[in-house]
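Asks: Structure provided below as structure tokens; questions to follow.
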Amino acid sequence: MKDTSRDEEPIRSTPIHSVRDDVEVLPGSLLTGDATAADIESIRRRTSVYVYEAPVRLWHWINAAAIIVLCVTGWFIPNPPPTMQIGEATHQFTFGYIRFAHFAAAFVMTVGFLGRIYWAFVGNHHARQLFILPVWNRRWWQEVMFELRWYLFLEREPKKYVGHNPLAQTAMFFFMTLGITFMIFTGFALYSEGLGLGSWADRMFGWIIPLVGGSQALHGIHQLGMWAILVFMIIHIYAAIREDILSRQSMVSTMISGHRTFKDDRPD
Amino acid sequence: MPATETFYDVMRRQGITRRSFMKYCSLTASALGLGPAFVPQIAHAMETRPRTPVIWLHGLECTCCSESFIRSAHPLVRDVVLSMISLDYDDTLMAAAGHQAEAALEQVIEEYRGNYILAVEGNPPLNEDGMFCITGGRPFVEKLRHAAEGAQAIISWGACASYGCVQAAHPNPTQATPVHEVITDRPIIRVPGCPPIAEVMTGVITYMLTFQRLPELDRQGRPAMFYGQRIHDKCYRRAHFDAGQFVEAWDDDNARRGYCLYKMGCRGPTTYNACSTIGWNEGVSFPIQSGHGCIGCSEEGFWDAGSFYDRVTDLTQFGVEANAGQIGGAAAAAVGGAVAVHAAVSALKSAQVKRQQAAREEA
């Protein structure tokens, strides 16, 4: 420590971690783990990296809540609950409310997804990871294979990643980015049937109905889409909790606070 | 000369009074969803316009469209439209037969080139050069192409001509093909249904003959006034659907109370047709009113879309008879099981690694 007798400010700004410029920090994450040079600079000084900005986290949880509502009501729409005798049909709207909840959650999810796309443009570097797979990057493919081996218990220790690992990124791209887009398009095409010919939904999405061979076929593939998202949900929650325990970095809390913390100080 | 004869002339010749004629015009206007202001317009058109001849061809079909058509609710509609058609060519209904009938067909095609309406019931099979359907000594597909050349517009009657229907169901050995996939250079109106509702058929023809133009069509080329909404949208049992009151089994109490047939596989929510408004047999009833679900006969590929009591199509691609819900559920259960196993192995592996580390530190 040098010159501690001066006023408080310089003491507080003096780093307690020593910066090791000779060590290359998280080289893997720099290439494929979605880390920027600023992130690396940050990790030299802090024990956490700010990854997910508030709008991304907010979207994640709103999207999760909407998907849960959509899956539950989406299960009940083709398989209605047992007939209920609460009152006259005119005073009872049970199945109507189930469908209403489905449509309301669908609008929430759609608006949220559009907001998320907007944030990919204006947000930080990590906000874009969901939308672009760097398939041209050789190293990225190696990391995908590495993660596969890690999940097959063939690797002893996982790598550190600031953003999503390449395998998670691939799953999110296909099941969420493409999956949500698919559900929005097929869902609003079905919604257009109720709004009728010439409605905004019909003009925007009505062309999908004859494309897939009619309304019944469209209902079928929309349902399959729901199951695909449900399968992703199971894997996603499991992987997040598993990696929170077994990996070298924080997972669940990162989507709450936005900060990725690392459990060890080894450079990779 | 038949070209100068108007609809009104034909009607008067049939012994129809002026009063009945005006009634017919207002009925037509309301059937087509037009206001009372259109009544004089229709009357004027029918009085002055030379009638348009209609050629009615039959391919691979069961004649249910014709059977439906001749049972049109309003006798006037039937008599007028039918008599006009039988004057020209319809091999099932016309008096002439054999060479005489074929000569009549050629005559209409020549005399009214570019002005007649071609109505097609059934569809052409294309396999083996069309040999699975021979009419008048040659493959039907040739006759269809020949007649379509000079047609002003084509009406595809029924599910056969519109989508293929039962003869095009998997595996479709004769390669029965809907009309619009064979004739691509003429405007085609699709009037699906197995059969279509009689009043829908006469309504479409009357509209075209009266206004000399196609009715407003939807994306699939169906007249929007009859196929713009689903059975479900105007079903009188819809309130029970929204209330969540369903028939749970045939002949249960809920069936007697007239609850919604959704759980019995009613395809009303996925079927575009006018059954729930116009009804069948002079408006007496329609399937749902009779206590049976809609089988979706006016939708594409309804024979291949599973049983008449399934609202969800079986996916045979997976080698078993299962629908989206069953396959999705099985996939979710399999993934859930795999996750549980993976979690257990992860825990064991993690414990092993910790034990090894501890052993190494001791050593």
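Along the chain as shown, residues are numbered 1 onward.
Keep in mind that glycine also has a Cβ here, set from the backbone N, Cα and C atoms.
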Asks: Could you look at B:Cys133, B:Cys194 and say which one TrEMBL places alongside B:Cys62, B:Cys65, B:Cys160 in the [4Fe-4S] cluster 1 site?
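Replies: TrEMBL lists B:Cys62, B:Cys65, B:Cys160 binding [4Fe-4S] cluster 1, and from B:Cys133, B:Cys194 it also lists B:Cys194.
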Asks: Three-state secondary structure of B:Cys260 ([4Fe-4S] cluster 2 binding site) from DSSP?
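Replies: It is in a strand.
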Asks: Fewest neighbouring Cβ atoms within 10 Å: which of the binding-site residues B:Cys62, B:Cys194, B:Cys235?
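Replies: Output over binding-site residues B:Cys62, B:Cys194, B:Cys235: least Cβ neighbours within 10 Å is B:Cys62.
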Asks: Please name which of the binding-site residues listed here, B:Cys266, B:Cys275, B:Cys297, is nearest in space to B:Cys65 ([4Fe-4S] cluster 1 binding site), Cα against Cα.
Replies: B:Cys297
Asks: When you measure from the Cβ of B:Cys160 ([4Fe-4S] cluster 1 binding site), which residues in the chain that are at least 6 apart have a Cβ under 8 Å away?
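Replies: B:Gly59, B:Leu60, B:Glu61, B:Cys65, B:Glu121, B:Gly122, B:Asn123, B:Val166, B:Gln167, B:Ala168, B:Ala176, B:Pro178, B:Cys194 - these are the non-local Cβ neighbours of B:Cys160 ([4Fe-4S] cluster 1 binding site), listed in sequence order.
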Asks: Other than B:His232, B:Cys235, B:Cys260, B:Cys266, which residues of the same chain sit close to [4Fe-4S] cluster 2? List them in sequence order, counting a residue when its Cβ is within 8 Å of the Cβ centroid of the site.
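Replies: Filtered neighbour residues, in order: B:Ile231, B:Arg237, B:Arg238, B:Phe241, B:Leu261, B:Tyr262, B:Gly268, B:Pro269, B:Ile288, B:Gly293, B:Cys294.
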Asks: Sort out for me which one of B:Cys266, B:Cys275 has the most neighbouring CB atoms within 10 A, since those are the binding-site residues we care about.
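Replies: The largest 10 Å Cβ neighbour count belongs to B:Cys266.
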Asks: CA-CA, which of the binding-site residues B:His232, B:Cys235, B:Cys260, B:Cys266 lies nearest B:Cys62 ([4Fe-4S] cluster 1 binding site)?
Replies: B:Cys266
